[in-house]
Structures are given as structure tokens and as C-alpha cells.
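Before any comments, here is the structure.
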Amino acid sequence: MGDYLEALGLVFQWHVLLVIGAGTLLGLIMGALPGLTAAMAIALLLPLTFGMPPVMGMGMLLGTLCGAIAGGSVSATLLNIPGTPSSVATTLDAFPMARRGEAGRALGICIVASFIGGIFSAVVLSLLAPPIADFALRFGPAEYFALSVFGLVIIASVSSKSLIKGLVAGLIGLLIATVGTDPVAGVQRYTFNNLSLLTGVNLLPALIGLFAVSQVLKDVVDYFSGGPVEHSKNKMDHARPRWMETLRHWKVLASSSVIGTIVGAIPGAGGSIGSFLSYDQAKKMSKTPEKFGTGHPEGIVASESSNNALVGGALIPMLTLGIPGEAATAVLMGGLMIQGISPGPTLFTDNGSIIYGIFIAFFVANIFMLLIQWFGIQLFVKVLQVPRKLLMALILMFCVIGVYAVDADIFNVYLMLGFGVLGYFLNRYDFGTAPVILGLILGPIAESNIRRALLLSGGDWSVLVTRPISLTFLLVSAAFLFFTLWQNRRQTTPHS
Amino acid sequence: MKKLLSVLGAATLLSSSMTMAADYPSKNVEFIVPWSAGGGADNVVRALQPSLEKALGTTIVVRNISGGGGAVGFSRAIASKPDGYTVTIPTNATFTLEGLGNVAFTKDDFDYIARVLVEPYVMAVRPNDDWSDLESLIAERKASGEPLRMGASGVGSSTHIMTLMLGEELGIEMQVIPFDSGSAAVSAAMGGHIDGVVLNPSEVVSAINGDRLVSIVSTGEERSGALPDTPTMTEAGYDFELAQWRGIAAPKGLDPEIEAKWVEAVKQAVEDPQFQKAAQSMGSDISPLYGDELDQFVERTSKPLIEEAQAIRQ
């Protein structure tokens with residue numbers, strides 16, 4: 001208790017609050033720009049924190065992280081361009097809604113759902129971090145494999161128009177994921193002696209290419225073919241947070257926040273699949289699953305509450321075990337260590353006030369995220385009033401800069417352009433691009449873990465079914481697969 | 001452009017580069033980190049950056065050029081001009097990459113300016129009734145004939161190679177399970193999915209302090225400051241010493257005067273209390289080395305690593 005009071009004192013000083021707010025704002029801006037990831041935003045601000053007290057510095061970086069995730073959803077909603085991989089699922093419903101002229105409503109739902117997801121994960125982080133970290137440790141290679149199979153089943157659910165086409169797109173993703181150094185034997189596969197491909201196809205250029213560049217290409221083609229360039233609807237609805245509408249979907253909010261927090265806490269599970277899992281879950285529970293993908297509020301609520309809950313979840317193994325699950329938390333952990341604090345079990349006993357200060361700062365960051373978006377929403381929707389011609393040119397410029405900045409590698413820019421062309425054709429012929437991303441993220445996790453599991457079992461496949469967590473995921477995957485097939489049939493039969 | 005041309009002109013005219021060295025540094029220095037932000041090497045560079053900037057009197061721009069386990073960044077560093085405005089952070093990965101044969105550079109393509117930090121490799125295992133120290137571990141494994149299943153931070157990484165070398169030295173069979181990162185291997189060991197890990201202290205120290213892993217032996221010249229109770233291989237009676245290190249290097253052909261300026265700057269920077277605190281919490285020991293001593297160290301360390309890596313390749 002004493003630690004908590006001391007921690008409150010560490011956070012509630014005007015300059016600490018100011019710095020957290022500034023971090024959140026910067027994160028929002030960088031997250032909204034395609035190509036700039038949360039990890040890059042944090043790495044950029046990291047040197048500023050060296051001179052600060054630990055809670056102040058971490059507060060700023062946590063604000064940046066929350067802001068970046070929230071900002072990623074703004075561009076996902078307005079432009080169909082997910083700023084971060086975890087907002088890919090947001091594009092599925094938020095963008096169609098915005099296209100209908102309800103951009104204000106879509107963003108309003110995003111803001112409220114993000115806030116609730118973030119606060120939920122903050123509560124879990126402060127109360128349940130150690131037991132959840134212990135649960136996360138029970139994930140060995142076999143469990144990770146089963147989890148990624150579970151994730152791959154979602155492909156069936158996010159392929160809106162045709163199941164077969166969705167699966168084809170997913171397989172394209174899996175195929176591309178085989179490029180790079182074999183994770184266990186170290187043999188090079190399809191790298192053509194290109195150093196940039198040694199560690200496989202970089203996810204960010206693929207993401208930006210498939211979503212942003214393909215969208216730009218589509219608009220360019222529409223423009224020159226004299227077709228109807230989709231003008232931003234001038235009828236702009238009122239842009240404000242939609243509290244009641246979001247809270248009405250409380251079941252989706254609750255289940256998605258839980259899924260987001262837990263998937264976030266499992267290090268290396270490919271955090272971004274959390275929002276897909278929630279989306280899939282919401283669709284299965286929904287009375288109107290056919291509306292998903294057409295601008296349905298439940299879809300936005302699911303994805304948004306989940307991707308902000310991921311943040312708090314990801315902090316759990318980092319703070320309690322010293323294990324960062326993905327890039328952004330790895331940079332955060334670096335920041336802590338440079339401050340002279342090693343995360344891990346001893347953090348709670350040695351630096352109680354600091355860790356509680358970090359918890360409180362995370363709450364504060366989420367509140368700032370809400371406030372900034374509350375006031376900013378009017379400004380965000382103005383983006384749609386920029387003539388589409390100019391907007392597309394600007395977007396392409398940011399994409400090139402952002403993707404180049406990842407590794408200062410021009411090859412990534414070519415890769416992005418290649419994926420842009422691929423994405424254009426996939427969208428044009430209704431294959432969809434979300435399944436490709438799922439395949440790309442989950443392919444390497446599935447492959448390397450099944451091989452590790454078999455190395456450990458001496459080639460005995462039964463490890464997959466003798467371990468309870470693994471067996472559960474595989475059984476649920478099978479059940480979901482049949483459920484999706486049945487749901488699809490039920491939907492299509494009356495029409496045909 | 002004009003400025004660039006005049007700089008280029010000056011560079012070719014004054015091949016003795018007396019004035020260039022005297023003016024150094026007259027622009028920003030690019031520090032290439034061949035791994036992504038948040039990794040061990042990145043933390044070191046970012047912790048060193050403020051005090052190094054002060055000592056050199058210029059701005060250091062950290063550029064993370066990851067990919068290929070360091071191959072892309074190192075190759076980029078080698079391709080830059082040896083004018084002191086591009087430096088990188090050499091580690092044992094510089095040598096293992098050469099041994100694995102995926103890169104076009106060798107260890108001789110660098111001019112090594114300084115060794116800043118060393119950290120041993122630590123063998124840490126999950127707590128177990130059958131073993132509590134090196135001796136009981138070896139005895140138990142020899143009796144059972146089972147291989148020790150150890151996690152490494154990536155296929156062909158220096159931890160992978162070190163695990164195999166330790167196995168040969170200790171006379172037990174090591175089954176290396178490569179993970180995507182050191183932290184992924186640690187979490188698998190903590191969860192009991194593998195027997196243990198061979199990693200650097202920064203990656204295992206919180207697991208050890210939290211009693212989730214037991215450190216058995218370390219490979220440094222001296223005991224690690226982060227793990228003072230863990231004996232070294234030498235103390236355990238083996239003639240084996242090989243540590244991970246992090247330093248500063250430029251592409252081959254660096255002007256000795258510029259190198260001297262860097263050495264001075266590093267000497268000042270490592271005295272900075274903020275950096276010392278950071279190094280301590282990262283589990284690294286500040287152990288600077290320069291000039292001929294450094295070159296000898298590079299020779300001594302690179303030889304076995306390159307050989308072992310070449311053996312993996314076959």
C-alpha cells in the first residue's frame with residue numbers, strides 16, 4: 001500500500017503528466033502515419049528518457065505505445081491503411097463504415113472501444129500479472145504450434161466473399177513466409193543470395209504494400225479509367241466518441257478485451273493475431289454474422305478493444321519475467337535497463353514504487369489517449385476532405401519513407417511496391433489481403449514451433465495431442481472450422 | 001551538392017588527410033547497429049550515445065539496419081568510407097557470420113577501435129533434483145546418456161556455436177534447439193520445455209534472480225559482475241575461456257589520428273556514471289581494450305568461433 005501511495009506521488013506531478021501526454025500525442029501521430037511502427041516511435045523517443053526519473057521516462061514511452069496503437073486505427077478507419085499490424089482487423093469493418101459517410105461514427109466507436117480495452121488490460125496488469133505470466137510460461141513449442149493453427153483457421157472467417165479465395169490468399173501468405181533462413185537447420189530458402197531476405201520477408205513492407213499501396217493503385221486506376229473515383233462523401237456525420245453505441249456491445253467488449261490481454265501476454269504469439277481472434281470470436285457469437293465485413297459496429301468494437309488490450313497484456317511477461325513478447329516491448333525493456341532497472345520477478349520486491357508507478361502511468365496514458373482522440377476526432381475526419389489525388393500522393397510518400405526507415409534498406413521499398421501490385425490484384429478479384437497477412441505472421445510461428453516440438457519429442461507427433469493446452473487449441477480449431485463452414489452454407493443457401 | 005563535391009575533392013587531394021583528421025569530427029557520425037532497436041547491442045549503443053557525443057563533440061545518429069542476423073548492417077558498414085563518420089558495433093556475431101559463410105566480409109575488413117563491454121556466456125538450467133551444479137549435471141547426463149536440450153537465440157548464432165563448444169569441452173551431448181530470440185529460449189526454459197539455455201547474462205539474469213533458472217557455469221575470463229556466484233570454466237578445471245563482447249569498429253583503412261580521437265572519446269565515455277549504471281543493469285562488465293591488445297583479443301576470440309561455425313555449415 002505504501003508503495004502505491006509513493007507511486008501515485010511519482011506520477012501525479014504536473015511535469016510527469018505533461019510528458020506522458022506529449023508521448024501519447026507523438027505516438028498517435030506516428031502511429032497514424034503508415035510505415036512508422038510503435039517500436040520505431042519508442043526507439044526514437046528513448047534517448048529523451050535517459051535524463052528523466054524512471055517512472056517519468058517509462059510513462060512517456062508507454063504513452064507513445066498506447067498512442068501509436070490508437071493512431072494506427074485512425075488511418076485504418078479513414079484510409080483503409082492499418083498504421084500497425086494489429087489494426088489490420090479494424091480495416092475490415094471500420095473502413096466500409098467510413099466509406100458509407102459514417103467516418104465520425106466509426107472513429108467514435110474506435111475511440112471508446114480502444115479506451116475500454118486499454119483500461120481493462122491495465123486493471124489486469126496491476127492485479128493479475130504474476131499468475132498470467134505463469135500461464136504464459138506453459139506455452140512450449142507444441143502449444144505455440146496449436147495456437148497458430150487456431151489463428152490460421154480464422155482465415156476462413158475473414159474471407160468475406162469466398163471461402164476458397166480466402167484460403168488461396170492465406171496460402172500465398174504461408175508460401176511467402178517460407179522465404180528466408182530455415183529456422184532450425186539454417187539452410188537458406190529462396191533468398192537468391194540477397195542479404196535482405198536472409199531473415200525472411202519483412203512484415204512491414206508486406207503490410208504497407210498489401211494495404212496502402214494497393215489502395216493507392218486502385219485509386220489511380222479508377223482515376224485514369226474515368227471510373228467513379230470514390231470521393232469522400234461530403235455528408236459528414238457528427239464526429240464524437242460513441243459511448244452508448246459501443247457499450248451496447250458489452251459482450252463483445254468483454255470477450256475481446258480478455259482475448260487481447262491474454263494473447264498479448266503470451267510472448268511471441270504474434271500479438272497482432274489477438275485482434276483477429278477477437279474479431280472471429282465476435283462474428284461467431286453474433287446474431288448477424290453476415291453483416292461483418294460490411295461496416296458492422298461489432299467488428300470495430302472487437303478489433304479495437306482487443307488491440308489496445310494487447311498492450312497491457314504484452315507488458316505482463318516483460319515486467320514480471322523480463323521477457324519482451326515483441327518489438328515495441330523489447331524497446332521499452334531496453335529503456336528500463338538503461339535506467340538501471342532490470343525487469344523481472346525482483347522488480348516487485350526491490351522497486352515496488354517504480355513498478356506501481358509504471359502501472360499508474362499506463363492508466364494515465366490510456367486516459368490521455370482518450371482525451372486527445374476526443375478532441376482530435378474532428379481534426380482526423382478532415383483528412384477525408386483533402387482531395388483524394390493529393391492524399392494518395394502524400395500516402396505513397398509516407399509509405400516509402402516509413403518502409404525505407406525500418407532498416408534503411410531500399411530493397412524493402414521494392415518489396416513494398418511488389419506487394420502493392422499483388423494486393424491490388426487480390427482485391428480486384430475478391431481474394432482479400434487480410435488472409436495474406438495472417439499467413440505471413442502465423443506461417444513462421446507454426447513452422448518453427450512444430451519443428452522445435454518434434455526436435456524435443458524425438459520426432460513423435462503425439463506431443464501435439466498429449467499436452468492439454470495444445471490439444472484444446474487443436475480441437476477448438478477443428479470445431480471452429482466446421483462451424484464456419486456450416487455458417488457459410490447457411491448464409492449462402494437461401495440466396496442460391 | 002556543392003558541399004559534397006568540395007568534401008570529395010578535399011578527400012582525394014589530401015591523401016595524407018592531415019587536415020581532415022585535424023578537423024574531425026566536422027559532421028554527424030552514423031552508428032550502424034546491425035540489429036533492431038531493443039536488442040542487446042542496440043541498448044549498449046543507446047546507453048553509450050550521450051556520453052560519447054559529449055566526448056567527441058558531435059552528434060551520433062544511431063541507425064538500426066537489421067536483417068540476416070547482423071549480415072545486412074555489417075555489410076553496409078564495410079561498404080562505407082573509412083573516414084570515421086561510419087562506425088558499427090562488432091561482437092562475436094561478426095565472426096560467426098564469417099564462419100557460416102553467408103556474408104562477403106571477413107573479420108579483417110574492420111578496423112577495431114575499442115572493446116567496451118564483455119559478458120560471458122552463461123549456462124543456466126531449470127532447477128532440478130538431479131543436478132545443482134556443473135559436476136552433478138555432467139555426472140547425471142553421462143549416466144543417463146541423454147543429451148542436454150539447450151535453447152539458443154537463433155540458428156547459427158554465437159550462442160548456438162557456444163553451446164556446441166561447451167558440450168565438446170564438458171564431454172556431454174548437447175541438443176541445440178534454436179529459438180527466434182534469447183528471450184524466447186529463456187521462457188521455454190522457465191516453462192520446463194527445454195533443459196536450459198546458453199546465453200549472455202543480460203538475458204538470463206532476471207530468471208536467475210527470480211529462482212526460475214540456476215546458473216551452472218560461465219565462460220568469461222573472470223566471474224560476471226551480474227552473476228558473482230557462478231564459477232567460470234577455468235575455475236571448474238577446464239582450459240576454456242571465450243566471452244561475448246561489444247565494441248566499436250570502422251571499415252578498414254581508418255586514419256590513425258581519427259582512431260586516436262575515438263579511443264580518447266571512448267575512454268571518457270566509459271567513465272560516465274550513467275553509462276556504468278546502465279551497463280550494470282544490462283549484466284555487462286565494462287572492460288575497455290584498445291590498440292594492439294584489442295587486435296590480439298580479436299585474433300584469439302575469432303579463431304575458434306569461425307572454425308566451429310564452419311563445422312556447422314558442413
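Placed from the backbone N, Cα and C atoms, the Cβ positions cover glycine too.
Here the structure is a predicted model, which means the values were calculated and not measured.
According to TrEMBL, the protein has these features:
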DOMAIN    A:17-438  domain 'DUF112'
TRANSMEM  A:12-45  transmembrane segment
TRANSMEM  A:57-79  transmembrane segment
TRANSMEM  A:106-129  transmembrane segment
TRANSMEM  A:141-160  transmembrane segment
TRANSMEM  A:166-185  transmembrane segment
TRANSMEM  A:197-217  transmembrane segment
TRANSMEM  A:252-277  transmembrane segment
TRANSMEM  A:354-381  transmembrane segment
TRANSMEM  A:393-426  transmembrane segment
TRANSMEM  A:464-486  transmembrane segment
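Here the transmembrane segment (A:252-277) has Cβ contacts under 8 Å with residues 84-90, 113, 116-117, 120-121, 124, 132-133, 135-136, 139, 144, 147-148, 150-151, 154, 158, 246, 285-286, 298, 301-314, 316-317, 323-326, 434, 438, 441-442, 445 of the same chain, all six or more residues outside its ends.
Sequence-distant contacts of the transmembrane segment (A:354-381) (same chain, six or more residues past either end, CB-CB distance under 8 Å): 3-4, 6-8, 10-11, 16-17, 20-21, 23-25, 28, 32, 54-55, 58-59, 62-63, 65-67, 70, 74, 78, 103-104, 107-108, 111, 114-115, 118-119, 122, 125-126, 236, 239-241, 308, 312, 315, 319, 341, 347-348. Across A:57-79, A:141-160, A:166-185, the stretch most heavily in contact with the transmembrane segment (A:106-129), judged by Cβ pairs under 8 Å, is A:57-79. In the predicted model, the domain 'DUF112' (A:17-438) shows an average pLDDT of 89.
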